[in-house]
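Colleague: Got a structure here, written out as structure tokens. Questions coming.
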Amino acid sequence: MSKAFKLTSKFKPSGDQPQAIEKLVAGLEDGLAYQTLLGVTGSGKTFTIANAIEKVQRPTLILEPNKTLAAQFYAEMREFFPENAVEYFVSYYDYYQPEAYVPSSDTYIEKDASINDHIEQMRLSATKAITERHDTIIIATVSAIYGLGDPDSYLKMLLHLTRGDQIDQRKILQRLAELQYTRNDLELRRATYRVNGDIIDIYPADSEREAVRVELFDDEVENLSYFDPLTGEMLRRVPRITVYPKTHYVTPREKLLSTLDQIKIELKERLSQLEKANKLVERQRLEQRTKFDMEMILELGYCSGIENYSRYLSGRNEGEPPPTLIDYLPKDALLIIDESHVTIPQLGGMYRGDRARKETLVEYGFRLPSALDNRPLRFDEFEKLAPQTIFISATPGPYEEKQSDQVVELLVRPTGLIDPEIEVRPVATQVDDLLSEIKKRAAQNERVLVTTLTKRMAEDLTEYFTEHNVRVRYLHSDIDTVERVEIIRDLRLGVFDVLVGINLLREGLDIPEVSLVAILDADKEGFLRSERSLIQTMGRAARNVHGKAILYADRITDSMKRAMEEAERRRIAQSAYNEKHHITPKSIQKAVTEIIEGARTYTERGRFVNQAQLIAEEEAKYIAMTPKQLAKELRKLEEQMYHHARNLEFEEAAAVRDKIQHIRKGLLEVKE
């Protein structure tokens, strides 16, 4: 039931966007393996990519460096492609403590995790969409390179039912048990089913709001329909349905049995090695733990930590890459790596940390050596598996520069804004000079960002400015994501005029009201004063028509020189375009509510409505909770919802459901 990708937007490509779209599409059609979209802040990189996807009509995986940016990109893509499958694939752990052993203190730390039920459903929905539909866009984090169930085993386990099928009810229930669904005749929850005479109701694990009703008559499927699991309202009849497993780690019975045989062989070899090395405690520990896991797999089809046996479950040889989300992609898929200067190093760094932890577990008899193959992809493996790729960055890293067959520039903004003017001023008078600049900007109702090199200096500067009647706040690393969003909102609203921080490169700081960025000690070479960091930081003033960047330095370093030359090159290109097309630059107008616009619920009519007013008083309470407290609170609300449903109080149940949806969606955009 795939449709064509159809972009919905009131805007048309403008500025550099039309030529960038054309070049990217031509590059993809010519078979270029790697391209880079070098786009300045505010140039419409997301819109450009959305247009390219529509033109090439290919399923797309978009990798983001963190959950916050993934949620922002997901929200934008859903608005651009309302008729297509836009999915979200990030880590489903609210809290995660990996299994580990500390030999120095003989401390074993058991794996402990709190799984976010809603994100688990979204992950299952993503793999279902990419399996069934060509018109799919998945927005993911680095979670995409971690081991997932083998796609072949996963797809073999699907339960297909068609109207008119001859099938025994017991056979359907047996298949549901194999998919790890549990029977619950009292209340229907995700990944459960209930039986009432010849009617089987199934709540699919990948579904957010729809359950399936299978009506049998004398071992024949008489009717198939979708219904609302809360109200019982019948939504539509269908000729066929497919039920997907509860988890990506389901495996056909015959493969489970062969897996157990292989585990037995490896266990025997490893026990012999440990005995020869006189590691008797480790030998006993490994034998006990592995035999318990084998018993669980034999009886239930899974065990806690079954992913540690993924080498056998997926039928791979020692050292071969594990199956990941990338294995689920079709052959003609497209890969887009956003903020590639951050995401690429992240992808390269995941393997080593995971390996070191697991080697200790293997050495001390907590796991079999095959557990080492339950791991994220190495970067060289990722490169081999990756389809045609587009990197997106305002400051591409050395890897992108080396790999790219084509660099497509997006320098001109649709608003006509040019990159901020840059000035270098001496360090000796930096504080007093900055104070006078701040007062000028505050008088014009504009905002200032100040970046320092140390926490101490940021604190002293904030104190000094406060003494001089400047309304200032300090953004430090101890501030959580939610408070950070509130600080940014207050800055935009004019509650204060100056924001001081150390690392202002993180997301969410593209604020149109900021007309001055001050970089103190700009001549101290290092991570936060590198060419890329300087370009990114100066770009924070690029959304205001009076944008300016002041670098306080006693000498011009190589990084400063390169950053200033690049900024000047961009300014010249932008000014020339404006002159040619008679464009007068305008500051970006952006409603303040947008920055925290996560309080939205997707209604049955398929459109977003803002629900912030409904539970505004309670939102702060939920946001302030720890992941464990939040999971407990959501479970309590779900119990309340099912209680109403059992008592046939459907309106109350639907209200609680909407409240749960609101909390989840609201937190999705502010979580990291």
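Placed from the backbone N, Cα and C atoms, the Cβ positions cover glycine too.
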Colleague: Choose the correct range: of 92-115, 476-499, 620-643, which one does Swiss-Prot annotate as motif 'Beta-hairpin'? Give that range.
Modeller: 92-115
Colleague: Mind telling me which of the binding-site residues Val40, Thr41, Gly42 has the densest Cβ neighbourhood, counting other Cβ atoms within 10 Å?
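Modeller: In terms of Cβ crowding, the pick is Val40.
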Colleague: Among the binding-site residues listed here, Ser43, Thr46, which has the most company in the form of other Cβ atoms within 10 Å of its Cβ?
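Modeller: When each Cβ's neighbours within 10 Å are tallied, Ser43 leads.
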Colleague: Kindly assign Thr46 (ATP binding site) to one of the three DSSP-derived states: helix, strand or coil.
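Modeller: Reduced to three states, the DSSP call for Thr46 (ATP binding site) is helix.
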Colleague: What residues, ordered by sequence, lie under 8 A Cβ-to-Cβ from Gly39 (ATP binding site) and sit at least six positions away in the same chain?
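Modeller: Residues satisfying the criterion: Ala20, Lys45, Thr48, Ile392, Ser393, Ala394, Glu409, Leu410.
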Colleague: Relative to the mean position of the Cβ atoms of Gly39, Val40, Thr41, Gly42, Ser43, Gly44, Lys45, Thr46, the recorded ATP site, which additional same-chain residues have Cβ within 8 Å?
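Modeller: Not counting the recorded site residues, we get Thr48, Ala394, Leu410, Arg413.
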